[in-house]
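S.K.: What Swiss-Prot records for HIS184, CYS219, CYS223, MET230 is Cu cation A1 binding site, and it gives similarity to another entry as the kind of evidence. Summarising the annotation, Swiss-Prot assigns Cu cation A2 binding site to CYS219, GLU221, CYS223, HIS227. Feature annotation from Swiss-Prot assigns Mg(2+) binding site to GLU221; the stated evidence is similarity to another entry. Summarising the annotation, Swiss-Prot assigns topological domain 'Mitochondrial intermembrane' to 1-39, 106-252. What Swiss-Prot lists as topological domain 'Mitochondrial matrix' is 60-81. According to Swiss-Prot, the transmembrane segment annotation covers 40-59, 82-105, on the basis of sequence analysis.
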Amino acid sequence: MFLIMLKGHILMDAPTPWGIFFQDSASPQMEGIMELHNNIMFYLAIILFTVTWMMITIIRNFVAKKSPIAHKYMNHGTLIELIWTITPAFILILIAFPSFKLLYLMDEVMDPSLVVYAEGHQWYWSYQYPDFTNEDNEFIEFDSYIVPESDLEEGQFRMLEVDNRVIIPELTHTAFVISADVIHSYACPSLGIKADAYPGRLNQASVYINGPGTFFGQCSEICGILHSSMNIAIQSVSIKDFLLWLRDQMEG
C-alpha cells in the first residue's frame with residue numbers, strides 16, 4: 001500500500017509537491033546518473049542489512065549474563081580482520097569504476113552541433129546563439145526572467161516558468177557555455193546538467209536530449225536575495241520546429 005501511495009511521486013516529468021526521487025530522465029547523462037544511484041543504493045541496502053543483523057546478533061548473544069567468560073579467540077582474529085578489510089575495499093571498487101566512467105563521460109564534450117551561451121545575472125539568465133545571426137548581423141540573444149505568479153496561465157508551474165525558454169533541437173549534441181556576474185550554478189535535473197558559473201571564467205556542459213519536452217531547472221548556488229527567481233526552462237523540439245523558430249528569430 002505504501003508503494004502504491006508513492007507511485008505517483010517517484011518519477012515525474014517536472015517537480016511536484018511532496019515529490020521524491022529523481023525526475024524522469026531525458027538524456028543519456030541522467031540515465032547514467034540514475035543507474036549509478038540505483039546500483040549504489042543496492043549495495044547500501046545489503047550493507048545496512050548485514051551490519052544491522054551482526055549488531056543485533058552480537059548484542060543478543062555476547063552479553064555478560066550469557067557469556068561471563070570471554071571467548072579466547074575474540075581478542076584477535078586474522079580471518080575476520082581480513083574479511084572486514086577486503087570486503088569494504090571490494091565494494092568501494094565496484095562503486096568507484098562506474099562512478100569514474102560516468103564522471104569522465106559527462107566531462108567529455110562531444111563535437112557539438114549547436115552552442116548556446118548562458119550567462120547568469122542577478123537575478124535572471126541571458127542566452128545567446130553564436131552560430132546564428134539576424135538580418136542586422138546580430139547574434140540571436142534574449143533574457144529569461146521568472147514569470148510572476150499573477151501572470152501565470154493554466155498549466156504553468158509556479159516559481160519555475162520563465163518568459164523566454166531556451167529552444168534546442170532534440171537528438172542533437174548541444175554545448176552550453178556558461179559564465180556569470182557572480183557565482184551561480186546552472187542546473188536542470190531531468191537532463192543531468194549542473195555546471196557552476198563563475199565571474200570571468202567559462203564553464204561548459206553538454207547535453208543530448210532524447211525527445212521533445214520542456215525541462216525546468218534553477219540556479220543551485222545561493223547568489224543573493226532573489227536566488228530562487230533564477231529559473232531555467234529548456235524546451236526541446238524537433239529539428240524542423242527548431243529551424244522555424246530560428247527563422248522567426250532572425251527575421252524578428
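For all residues, glycine too, the Cβ spot is worked out from N, Cα and C.
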S.K.: Just counting, how many other CB atoms are there within 10 A of the CB of GLU221 (Cu cation A2 binding site)?
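M.R.: So the number of other Cβ atoms within 10 Å of GLU221 (Cu cation A2 binding site) is 18.
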S.K.: Distance between GLU221 (Cu cation A2 binding site) and HIS184 (Cu cation A1 binding site) at the Cα atoms, whole Å?
M.R.: 5
S.K.: For HIS184 (Cu cation A1 binding site) and HIS227 (Cu cation A2 binding site), determine the Cα separation and express it in whole Å.
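M.R.: About 9 Å separate the Cα atoms of these two residues.
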S.K.: Take the topological domain 'Mitochondrial matrix' (60-81) and average the pLDDT across it for me.
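M.R.: PLDDT averaged over the stretch: 69.
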S.K.: How many Å separate the Cα atoms of HIS227 (Cu cation A2 binding site) and CYS219 (Cu cation A1 binding site)?
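M.R.: Given the Cα positions, HIS227 (Cu cation A2 binding site) is 7 Å from CYS219 (Cu cation A1 binding site).
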S.K.: Inside 10 Å of the Cβ of CYS219 (Cu cation A1 binding site), count up the other Cβ atoms and send me the figure.
M.R.: 25
S.K.: With the cut-off set at 10 Å between Cβ atoms, which of these binding-site residues ends up with the most neighbours? Options: CYS223, MET230.
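M.R.: Most Cβ neighbours within 10 Å: MET230.
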S.K.: Since the record lists HIS184, HIS227 as binding-site residues, which of them has the fewest other Cβ atoms within 10 Å of its Cβ?
M.R.: HIS227
